[in-house]
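> Sharing a structure here in structure tokens format.
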Amino acid sequence: MEKFTNIVIGFGKGGKTLAKTLATNGQDVLLIEKSAQMYGGACINVACLPSKRLVLNAAAGMPFSQAVVAKNEMTSQLRQKNYHMVADEAQATVLDGTARFVSDHVLEIALADGQTMQVEGQRIFINTGSKATMPEIEGLKESKYRLDSTTAMEQSEQPTRLVVLGAGYIGLEFSSMFTKFGSQVTVLDRNQEFLKREDEDIAHALYEDLTADGIEFKLGAQVQAIIDHENEVEVVYEVAGQKQSVRADKFLVALGRQANTQDLGLENTGIATNPNGSVKVDDFLQTTVEGVWALGDVNGGLQFTYISLDDFRIVKDQLLGEGKRRLSDRTVVPYSVFTQTPLSNVGLTEKQAQAQGIDYQLFKLSAMAIPKAKVIGNQRGLLKALVNPKDDTILGASLYMEESYEVINLLALAIKAKIPYTQLRDQIYTHPTMSEALNDLFKAPVK
Ligand SMILES: Cc1cc2nc3c(=O)[nH]c(=O)nc-3n(C[C@H](O)[C@H](O)[C@H](O)COP(=O)(O)OP(=O)(O)OC[C@H]3O[C@@H](n4cnc5c(N)ncnc54)[C@H](O)[C@@H]3O)c2cc1C
Ligand SMILES: NC(=O)c1ccc[n+]([C@@H]2O[C@H](COP(=O)([O-])OP(=O)(O)OC[C@H]3O[C@@H](n4cnc5c(N)ncnc54)[C@H](O)[C@@H]3O)[C@@H](O)[C@H]2O)c1
């Protein structure tokens, strides 16, 4: 049996970055990836980058089928680049195969050619990502009209009518995108409140805009059954005890994602899992077996590529640094929902501040006031920020506006560095940009 100092299972963001880093530091690394179509992981192949390419090309007015071709060209280039990034390292080996544990430090690999082999790793890093949750809803798994985020981006023909299950990140990004491509979209979510983690005014603004774009929302909807008809699908649901249904060409399941641990053979090891199936890790991302770590979506943390990358930083610090970096020090994590007008957030929302009894000053601005929004031709939006009245530091911000996914990083930095809001207010920004809205946002508090 071949032995390695380091074995990474899965070519995700954290795993590939770790493999490259260890190899460039002179350590031998085996990286096992189950699909040659997934070199580089989900983000570049089937998640962040292809979806954003489609979102942007929808906004640019490109027809769906052409946008899918352009997206495929991009992902195939990225896949090659990512493969070589690791495989070209003298100390690294990339193996096409599916790994499962047979004991704490031994893996069996089902190779692409049908053979199997066993390898032993002094250290093993689990980076197997997540997959779309498919709940037990009658007819859902069997339906020929079912899409998930991956297959939705591979369609050669755009669905004329699309039902989206779930009004979360994927549900909203994909409904906004397909609407822009010209599909008629209906979104169902079991929550009565739209985007309930956000402040009501922000959620309301996004809801109104998406509705104005033509998306129909069915909130408080319990999906009961999926019925395949000859040329269409029927989604049966209940709202306030009333049975209703909607028909479409396809339906997209966007009901959350679960960690890829089902076929990992964890039952053969001392590696414990959480109730939702994700791998249990400590503050240093170590599993319950010494010498085995879990990075990215598989460890049950926030499911973002930049979190998987930050997981890499924690592990790298243990192996090559001072071993100080830990999960509990991770604060100030921004996020963006890439709807046609994107919504981005960092720190506390007003709702959270109120619930936690935290004193704050509130600043608000309509995106109508931003010159660059006018230049772009999209003045939709609302900006909010919360400031600590004691020391003027920023507690949180919600930006619903064009390019908010860029500007939010400025606010995240200000929160982390404890830069007072007055500095952002008086900063010289280039013009015309969305960032300069911070001059006006922080002019005067509303309460
Ligand atoms: C449609 C969509 C859009 C998204 N958009 C964004 C976004 O805009 N921004 C953002 O930050 N996040 C986004 N995300 C989330 C982001 O994609 C994930 O958080 C991120 O890709 C997780 O990376 P990871 O390192 O956990 O592993 P992944 O990138 O998921 O990689 C895991 C790899 O492991 C392989 N694998 C699994 N099991 C085995 C096995 N047994 N043996 C060998 N290999 C195995 C898989 O084939 C895969 O390549 C999006 C997700 C989706 C689905
Ligand atoms: N821009 C980004 O960073 C980005 C984009 C896409 C995905 N992601 C990541 O991928 C993850 C998965 O995205 P997602 O949209 O699948 O999940 P999500 O958790 O964001 O949203 C799932 C939605 O489905 C609803 N829901 C769940 N079960 C239901 C049921 N049975 N019937 C009706 N509604 C139901 C929930 O109320 C929720 O609104 C996200 O949490 C995020 O971390 C990130």
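A Cβ is built for glycine as well, from the same backbone N, Cα and C atoms used for every other residue.
Because TrEMBL annotations are produced automatically, they should be read as predictions rather than curated entries.
Below are the features I grabbed from TrEMBL:
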DOMAIN    7-306  domain 'FAD/NAD(P)-binding'
DISULFID  CYS43-CYS48  disulfide bond
BINDING   LYS52, THR128, GLY129, SER130, ASP297  FAD binding site
BINDING   GLY166, ALA167, GLY168, TYR169, ILE170, GLY171, LEU172, GLU173, GLY256  NAD(+) binding site
DOMAIN    333-440  domain 'Pyridine nucleotide-disulphide oxidoreductase dimerisation'
ACT_SITE  HIS431  active site, proton acceptor
> Please report the Cα separation of GLY168 (NAD(+) binding site) and ASP297 (FAD binding site) in Å, rounded to an integer.
17
> Roughly how many Å separate the Cα of GLY166 (NAD(+) binding site) from that of CYS48 (disulfide bond), to the nearest whole number?
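Between the Cα atoms of GLY166 (NAD(+) binding site) and CYS48 (disulfide bond), the distance comes to 18 Å.
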> Where the criterion is a Cβ under 6 Å from an atom of ligand 2, which of the recorded positions LYS52, ILE170, ASP297, HIS431 meet it?
ILE170
> With a 10 Å radius around each C-beta, find which of these binding-site residues (GLY166, GLY256) has the fewest other C-beta atoms nearby.
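Across GLY166, GLY256, these binding-site residues, the one with fewest Cβ atoms within 10 Å is GLY256.
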> Give the three-state DSSP assignment (helix, strand or coil) for CYS48 (disulfide bond).
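Once the DSSP labels are grouped into three classes, CYS48 (disulfide bond) ends up as helix.
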> Long-range neighbours only, meaning 6 or more apart in sequence with Cβ under 8 Å: which ones does SER130 (FAD binding site) have?
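Long-range Cβ contacts: ALA42, ARG257, GLN258, ALA259, ASN260, ASP297, VAL298, GLN303.
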> Across the domain 'Pyridine nucleotide-disulphide oxidoreductase dimerisation' (333-440), what are the DSSP residue counts per state (helix, strand, coil)?
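Secondary-structure composition of the domain 'Pyridine nucleotide-disulphide oxidoreductase dimerisation' (333-440): 37 helix, 29 strand, 42 coil.
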